[in-house]
Amino acid sequence: MGKWEDYKPAMAMIGLQFTYAALALSSRTVLLQGMSPRVFVVYRQAIATLVLAPIAYFSQRKKPGTALGMRSFSLIFAASLIGVTMNQNIYFEGLYLTSSSIASAMGNLLPAITFLLAALIGLENVDIRSLSTLAKIVGTVICVSGAFCIAFMKGPKLLNTEFTPQQQNQNSIVLHYFNSSVTVGSPNNWMLGCFLLLGSCACWACWLILQVPMTASYPNHLCLSAWMCFFATLQSTFVTYFLEPNPNSWRLNSSFELLCAIYSGVIGSAFSFFVQAWCISLRGPLFSAMFNPLCTVIVTILACLFLQEELYTGSMAGAFAVVAGLYIVLWGKSKDFKKIQTTTDADDDDDSKKVLNIVIQETFDEEITCKIDLQEPLLQSKQ
């Protein structure tokens, strides 16, 4: 039973990567069929809110005492705007313009971009003389170089597929304002989609950084997720209302679009939160991030088989560079965690020694006091 318990987090993360792969492929499919990316984000967050809100409400009743103050409200609203509304709208726009495999590969940039932003604002300690810091810097450079390789160096095709979505850019708000006559599969739009995916990673990295003050201000993680999904639903609805003037764009044209919206809300948002929170609580955030490249491999294989997506040598080389940079950054972070853990254990040992010395000293003092008291007569002789 002990070995089975040890393998549970790894099996859960592997299963979660398959659900992420299914989410990327199904989302790409409904976008190519004509569903608006912005409407898809609204439905996803609304369904996630409907799932999380009752669970968070009943859990809050069992553990009362966490109030949503003005500071918590502001942090949650900002995190929802940057990490959910902006992030997902930019991501699905990039997914629509590129491919499922490229979108999954660009997601591996997240640890490197998070390190870069945290170092710029002073949350990450940068010591050039430290091997872990050098590893994180080198890994970040490799990740970013791989991302630019994906965007600018497509190269020859690895697979002889001739599939290019010929649907016009009626669903892309970016191309609607810049160049509405170009098809989705053109090289310029490929680069634009890659930069949108890069911006999505930057928004997600900002969301991760905001987790530090937000969790300290509002420690109830389940209610926190429910509030973020609720605010993201309102924000996404507001954005979509102005960017989608046609009311027909809100209509679901097939049962497959409805199933994809439900799947993305329940599995992609609500269920994945529980699984990742559980795995991180047992093994830490690095353990969770190590499985991200597996999703890239699954998406690439399935997208080529079922969606007939084109696979290029330059894009694959850039994807491998991103994955290699990811593991270099994670190695540097693991060294930092070991150093922090060693320092904490040493401090705990020092504290325990101090407590032990105090106890021994107090016991020794009491023993001397007892000896002194016993040396004196119990009854004073009368003068």
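Backbone N, Cα and C atoms are what each Cβ position is placed from, and that goes for glycine too.
TrEMBL assigns the feature transmembrane segment to residues 102-122, out of the candidate ranges 39-59, 102-122. For the domain 'EamA' (192-330), DSSP puts the residue distribution at 121 helix, 1 strand, 17 coil. Taken together, the residues of the domain 'EamA' (192-330) have an average pLDDT of 83. Away from its own ends, the transmembrane segment (134-153) comes close to residues 102, 105-106, 108-109, 111-113, 115-116, 128, 190-191, 194-195, 198, 314-315, 317-333, 335 of its chain (Cβ-Cβ under 8 Å, at least six residues beyond either end).
Counting C-beta pairs under 8 angstroms (sequence separation of 6 or more), the transmembrane segment (314-332) fails to reach the transmembrane segment (255-275), with fewer than 3 such pairs. Here the domain 'EamA' (11-150) has, by DSSP, the following mix of helix, strand and coil residues: 117 helix, 0 strand, 23 coil. Across 72-90, 102-122, 222-243, 255-275, stretch 102-122 shows the highest tally of CB pairs under 8 A with the transmembrane segment (190-210).
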